[in-house]
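Feature annotations, reproduced from TrEMBL:
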- 20-40: transmembrane segment (TRANSMEM)
- 26-72: domain 'DUF1648' (DOMAIN)
- 60-82: transmembrane segment (TRANSMEM)
- 114-134: transmembrane segment (TRANSMEM)
- 140-162: transmembrane segment (TRANSMEM)
Amino acid sequence: MVKKEWFTTDSSKSKLESIYSLIAYLVLLFTVVFIVIKWSNVPEIIPTHFDALGRVNDTGSKWLVLIFPAILYVTVSLFNFFKKHPEWANYPSRVNESNANEFWAINRETISNLSSSAILFFSIATFNFISSAIGCVDFINGYSFIILLIVLFIFPVIIQIVKMKKIK
């Protein structure tokens, strides 16, 4: 069982975490600015779902676009909360007092990466929805959307699992 005392309270970010955060928050800022700039051009009814070939198969109110920033706010807040509570994470049974901080560092890096990935993913989705609604060419279809999901969420987790396996 993992004990809270095993983890240091050092909250300084690694260089990689800082890079993830900087890029993510710049993308988030760009997304909010993009929504504000394009809002008056967005029709009341917009595409809200696309098939695997990128064809629209559902529509909804333009106000649905605002769900993405709301989801991001909640998601990033939860990730930040969990970074402050490393003892709640799921660790291998071999974690002990001597290696807990190594596991915590990888856990924090994973959470930072996933938080940044969520921001990037929802920003791309927002850009795609608005671009499609105002008549611009969609730059992402169903297949590239799946590839994007894998690259942003699955690969980083696999990389972190491999890093954790190397800890003695």
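Each Cβ is built from the backbone N, Cα and C atoms, and glycine gets one as well.
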In the predicted model, what is the mean pLDDT computed over the domain 'DUF1648' (26-72)?
86
Folded-back contacts onto the transmembrane segment (114-134), same chain, C-beta under 8 angstroms, at least six residues removed:
20-21, 23-25, 27-28, 30-31, 34-35, 38, 41-43, 46-48, 50, 56, 62, 64-65, 68-69, 71-72, 75-76, 79-80, 140, 148-149, 152-153, 156-157
Which residue counts does DSSP give the domain 'DUF1648' (26-72) for helix, strand and coil?
27 helix, 12 strand, 8 coil
